[in-house]
């Protein structure tokens, strides 16, 4: 905000004959920065540090429950990593790159002939940016609708009930609240000896904004993010190599599904170097040279790339919050320790989302946010991390909820397995997308569903029938006896359920 504008507003403030008390000064400062509400907030019921999926959802829910709420966000745009440089822009590019790939390689199979197909990368990136901009504005609109005070700046604790905010306009103010929620999310996990410059060596943020399609693209880390971004640039023409220290890609995934998933990605020309360690990097030339060796040690190899993506996971973002100043306990990984009500060891201070133990997923953070403010409002909140779905948004997608077969074996649980391939699904055959399967795991004695794993196009949409079933302790027979529309991809779930407790019809 221009200084002249600040001066005019200050002059107006003084002409209103409002006393120059500390409280009024705070109210004036807040009115300059939050942009929505016109009153101050030294008597907030809830103050939230962080405006990502956990923070902004918590703020809206708190306001809906009648709690006076202020949300502090340092980015100057709501939505956090997910909306600004994560989930949303990556899905935009995944979709755009898939459309290009389909037009170039698949349309002809359906009788649609295109004489020439080209990538307009600036237009593709512009579409992604437009989607992000519209969604961030949408969240701001929700704040206004629900009367959430919005402070743009970096917050840190002064006390368990006070947050000092350095605003993006260069001001400083103190926001007070009876309950303060830390929802600052996570940041890219760095690797020793590798400096991310967001040009040749990039994080997921830089990988979303490359101005040229790299000829050779190396991904360090075979997790969700690395495979998705490798998928984007691979479809657009990059030669993609994934380097992973572990023996498997996406180690938490069900083993059988994981093997089929890797084979699918390899058919898309994605190369994998598993059980491989990065020991050195040289970006002094035009490209990047990556020195690797077997994870257990051995002969070193040099890989060359135009761009290297560091995607070795994420770490809780709590730096600069001054948590130690008020005595908030954290674990060795920097995660804030909370109880079942999301309370820290410091009365009145809470934490949700990626900064606490549990899956680092946007939708998990949202559920944390709702449950946390419900507890604050005297209601009952609940999130079961064993029933949170996970999705890899490649093509085909992989989605899962509940236990894997490896986990059940480790826990000594007797179970039945039911599987149904999309090769035998009529809708999949009709639209020529037959790759993948549905796998259901159920308790051998009770038939209660324990885990569901789907590899298919739109698996991220199909999984929610299973999520609902698991949350209500349904059996595989319950799903099997529900009438599913024909022909649909979801019939594969019904058939897999039939295979779990009895026999499928179409296989």
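From the backbone N, Cα and C atoms, a Cβ is placed for every residue, glycine too.
Positions annotated as active site, proton acceptor by TrEMBL: 486. Sequence-distant neighbours of residue 486 (active site, proton acceptor) (same chain, 6+ residues apart, CB-CB distance under 8 A): 426.
Taking a C-beta cut-off of under 8 angstroms and a sequence separation of 6 or more, residue 184 (FAD binding site) has the following same-chain neighbours: 49, 50, 52, 55, 316, 317, 318, 321, 355. What TrEMBL lists as FAD binding site is 91, 155, 184, 185, 186, 354, 360, 361, 362, 363.
As annotated by TrEMBL, disulfide bond applies to 82-87. Shown in sequence order, 52, 53, 88, 362 are the residues of the chain, 6+ apart in sequence, with a C-beta less than 8 angstroms from the C-beta of residue 82 (disulfide bond).
What TrEMBL records for 45-369 is domain 'FAD/NAD(P)-binding'.
With helix defined as DSSP H, G or I and strand as E or B, the domain 'Pyridine nucleotide-disulphide oxidoreductase dimerisation' (388-497) counts 40 helix, 33 strand, 37 coil. Feature annotation from TrEMBL assigns domain 'Pyridine nucleotide-disulphide oxidoreductase dimerisation' to 388-497.
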* Asked: Which ones in the same chain are close to residue 87 (disulfide bond), with CB under 8 Å and 6+ residues apart in sequence?
  -> 362
* List, in sequence order, the same-chain residues at least six positions removed whose CB sits under 8 Å from that of residue 360 (FAD binding site)? -> 186, 314, 354
* CB contacts for residue 362 (FAD binding site) [other CB atoms within 10 A, all chains] -> 22
* Does anything in the same chain, at least 6 positions from residue 91 (FAD binding site), have a Cβ under 8 Å from its Cβ, and if so what? -> 393
